[in-house]
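Asks: Quick one: the structure is below, and I'll ask about it shortly.
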Amino acid sequence: MANIYYENHADLARLAGRTIAVIGFGSQGHAHALNLKESGCDVIVGLYQGSKSWSKAEGLGLKVLPVAEAAKEAQIVMLALPDTAQAAIYRDAIGPHMTPGKTLMFAHGFNIRFGQIVPPEGVDVSMVAPKAPGHRVREVYTQGGGVPALVAVHQDASGNALADALAYARGLGCTRAGVIETTFAEETETDLFGEQVVLCGGVSALVKAAFETLVEAGYQPEVAYFECMHELKLIVDLFYQGGLNYMRYSVSDTAEWGDYTAGPKIITDETRATMKRILADIQSGAFAEDWIEENHNGRPRFNAYRTRDIAHPIEQVGRELRRMMPFVNPREVVPGEGGA
């Protein structure tokens, strides 16, 4: 069983007298900076000159500095940046200031696991990864709670890397819920696998294939959208609250019977073998190598995939149907806009 740490395992006083630089002010960065500040920590935010987030962070009472200055001033540096941006920013602005005795922290292990960032000896390297989007990390903290998190140590130069990481997690509010000890490799590999096989790749492909099957069989696209896309949230919410058993308790007996009889026909031995190959590509670094090369080349395939899927009929039908349902708080992505 995993080691799980709570409030009594974490001493926030370990952060006293130390400045924490949160590099980035996006989804995770803003939550980290504000939660730590309200937990009594000395926090600065590191941003590039001209960042749209600069005035926003200052407006929330945070001290903002250029990235290099923030890294120089701080004793603890948290990289709360997109994976693809971290290596260059670390090389140019952060690495030169990672002197012995400092701590370099991550909210995701990609760049350490795949060797894109190699910290110097004498520096603690750890990770605190809240298991929720930044807005949720912030919201739950302000309500007096916390979201679970993962904690890991890659390099323990001081002998106190885990204790300091747990103190940081307490500053975020995560020890109120529980912090699970892991490794950079486990966090990174399972995170990528979950995204590819279930949360993004698997679900997206399943929804599109089911929608296409119904439409090709002559059913109306609008009805197919409701059955294959819209109602998915109803089921996922049940998973979220009580797992598979609660979902089956909540749906009709007919739906439950279909679950048992049809599900194994969708997830076949061949599908499981494919999952294992995907995991092997993640573990070997093949996926990371491909993704890093894609970014170096200007993302031609990535952009082509995005353009292709924006034009899928399920997106066109969904856009129209969501206008009928303002209560779902519809969102529309403008072509060319990026995500995280």
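Placement of Cβ uses the backbone N, Cα and C atoms for every residue, glycine included.
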Asks: To which of G122, G134, G144 does Swiss-Prot also attribute binding of NADP(+) at the site defined by F25, G26, S27, Q28, S51, S53, D83, T84, A85, Q86?
Replies: G134
Asks: Considering Cα atoms only, can you say which of F25, D83, A85, G134, E231 is the nearest neighbour of D191 (Mg(2+) 1 binding site) among these binding-site residues?
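Replies: Nearest by Cα distance to D191 (Mg(2+) 1 binding site): D83.
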Asks: Across all the protein chains here, work out how many other Cβ atoms are within 10 Å of the Cβ of E227 (Mg(2+) 2 binding site).
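Replies: The answer is 13 other Cβ atoms.
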Asks: Please identify, among the recorded positions H108, E195, E227, E231, S252, the one with the smallest Cα-Cα distance to S51 (NADP(+) binding site).
Replies: H108
Asks: Within 10 angstroms of the C-beta of D83 (NADP(+) binding site), what count of other C-beta atoms is obtained when all protein chains are considered?
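Replies: For D83 (NADP(+) binding site), the count of other Cβ atoms within 10 Å is 20.
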Asks: Measuring Cα to Cα, tell me the gap between D83 (NADP(+) binding site) and E231 (Mg(2+) 2 binding site) in whole angstrom.
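Replies: Between the Cα atoms of D83 (NADP(+) binding site) and E231 (Mg(2+) 2 binding site), the distance comes to 32 Å.
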Asks: To see if you understand the setup: which same-chain residues, six or more apart in sequence, place their Cβ under 8 Å from that of E195 (Mg(2+) 1 binding site)?
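Replies: G201 - these are the non-local Cβ neighbours of E195 (Mg(2+) 1 binding site), listed in sequence order.
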